[in-house]
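Below is one structure; the comments refer to it alone.
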Amino acid sequence: MGNQRMTTQMMGEQLEMVRQLQQEVQAVKTQAVEESRKVDELRRLHEQSTRQLRVMREQTSEQIRTTREQTTEQLKIIREQTARNFEQMRLQVMKEVGIVQGQAAEEIRQAKEELKQAREEMQQAKEEISQMKEQLNTIAGSISSGAQTSPQPSYADVARTPPTSQPSNVRTLSSMRTTPSSFTDTLFCTIDTSRVSEEDRGKAQVGEVRQAIEEKVRAREGGQPNWRCAAVVKDVRNVDRIKVVCRDEAELQLVREAAERTMVKGVRVLRDQLYPVKVDGANRTAVLDSSGNILPGAAEALGKENEVTIAKMHWLSNKENGKMYGSMVIYVTKASDARRLLDERYFHLAGESASTNVFKRRQGPDQCYNCWETGHKAFACSKTQRCGKCAGTGHRHRDCQAVEPKCVPCGGPHESFSQNCRLNVHKKDVVQLSMMNDRDLQDYAVLAVAEPYALNIEGSVVTTPNSHRNWIKYIPTKRHDMQWPIRSMLWIRSDLEAEQVPIPSADLTGAILRWPDREVLVVSVYVAGKDEEALRTAMRQLHATIGSFRNSTGKRTDVILAGDFNRHDQLWGGDDVAGRRQGEAGPIIDLMDEHGLLSLLPRGTKTWEGPGGESTIDLTLASAELADEMVHCGIYPTEHGSDHRAIQAEFDLAMPERTAEPRLLFKNAPWNAIRERVKEKLSPLPWDGDVQTQTDRLMDVVLDAIHDLVPCAKPSPYAKRWWTTDLTKLRRTYTFWRNLARARRRAGQRIDSLEDRAKETGKEYHDAIKRQKKTHWDDFLADGTNIWQAAKYLKPVHDANGDKVPPLKRTDGTMTQDKVEQAEELLNVFFPPLPT
């Protein structure tokens, strides 16, 4: 029974499973029927879409045919109309040509008449000059017969005379009251174009200014139809100023009026040229009031008394010392009046007589008398007015009641206008920081640095700075095993094609610059002094490098060697080189002779100065062909604090224009607006075609939206972010005082106070660099959002070239020469040809 019950139970279970399977089969059948119905529906939709597509294709074909017919008809009409217009223009041009030819013939006839008249006037002038020459010869003979000549100085006497002094028998400005050469009778109207916008810069050139003035003057009533400017030239001292030379006072006034009415926006007609004359022994009561200000009407009264026109005047002596007599400077409007006052040696002053003298401007940095900072003048200052005595605001220095003075430029315990203002400094790495933040260097192709500030830190060479957005750093391929691992380096402009040349020396850094028609080898050189073996080794390596370079290319090859050679020779040092030093540079001269190199720096130019004196040990050597293309080579005017003078060499070579790609600021991108723009542009587009076609459409829409809506970052400045305008001002001040001290020292007039001032301004400048850099980075690290950026800065720079792709070596052993060849080589490597 038990087995029978179990069997019955198992059969029941099996029947239940069969029923479940039947139900599942039924469900599958039902689903299959539903799927079949959907397939039929899709088939029906497909047939319907096919019919609609066929209808649309037929309609489109009909529209295309109709449009083609209409376009053909319109083109026919346009062609006929163009032919008629062309014929009309041809007839009009022929008519105008006839008129121009008639005018040209008339102008040629007038020009011939003017030329004939000019020849007659020239002949008359020659006769007058001949008569004047005879008169001058007669006067000179009478003078020479009665004049006493002073003894002629010997060559030794002249040679021993300091450069700024004169022999006793030479008439000097102070002894014979020579009129300055700037006192000329030439009249000119000065036009300043510094404020003209870049869009209008083309309208403010010399030719355009001349044309505008001449047209305005000729258009005046009763004017001269053929009037021309005497001359229109650029000011040699200021390229933003144009001088219009005038023949007389009336023409000067005429030109000024024409210029003021015709110039473009931003052009200014400057005031008339003024001529300063110093007046000594002037009674202050006739010039100043009780407050120390110029009396109203004093300039007009004194000008009338001396029969001159005084535009302005300034009191030079100290107004607070209480002295009754002092010195002042007057500015007259005519050179002839200034010359007459200097020749007569006296000046009428309210019934008294004062003496006149040549006014010598005090040399010094530009200082603003509004904020008292250096580097600009008061007329261009927009800062708050400050006191020149206490550095406070709200009052002038003449009204200051402060007991302790304070200098605005340097913060010292003296007035801002004190002659003893001393700014302070020292440290070697700041010299390179100063150089790499000098905007005047940004357009040079190469900076060759000898003895750079570079340290060996954990096996890596760290320079100061370690990178720069404008330059690519090249350091020697070999290192010294000591604290100072390298003694030369190159900074090459990042947009130039360059390849480093491996030289087995830590004192030589070479690179090849490539142009389409030439290649230039540039080597930064350092040769240790008093080491003959180092000199021979360096010359041997340079010889091998130059030879290998010239034999490796079919283009024109030029060579530049620049750096500290630490050797003397009269070839570049001049006659000041001692006889015992002559010959020590023999290997350098042999290298120059063998490779046709020339010294570019003028002979005798001093490039190094120290406690023991000055000498010429820094050289710039170039191949003869490149030397023929030299525009200038000399001492760079800006001082950065090194004992070696920087040398600048300029050549007539075509440099590539900088094309800075705008950088998109994605962190400020309006992503919601971008999504809406993409959605709006994609909606009307068809989705036919292959995957590549659809991808191209999508990319075009997305890129257009990004370039339209994402803001662009401002162009990065040349200098580092921590560099400030105050540091630039300090650099200018330091350059001024060091150059002034050097000039006096070379003239044999060493002034200890001036030397101290130059050293102190250098110290102040270098300390300010270190202080500003530290403050900037302290503030940067204090901001927690900069932690990841700071972490990137801690990583060593493994590649000196940054993101610049170096020359690539092909499978045949040759090297790529430019970006095009690099791209081709990368394509060949990444996408090799498919196997056959």
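Cβ atoms here come from the backbone N, Cα and C positions, even for glycine.
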>> According to TrEMBL, coiled coil applies to one of these ranges: 101-142, 185-226. Which one is it?
In response: 101-142
>> If you look at how TrEMBL annotates this chain, which of 39-73, 144-178 comes out as region 'Disordered'?
In response: 144-178
> Reported in the order helix, strand, coil, what are the DSSP residue counts of the domain 'CCHC-type' (386-402)?
Replying inline: 3 helix, 2 strand, 12 coil
> If you run through the domain 'CCHC-type' (367-383) with DSSP, how many residues end up as helix, strand and coil?
Replying inline: 3 helix, 2 strand, 12 coil
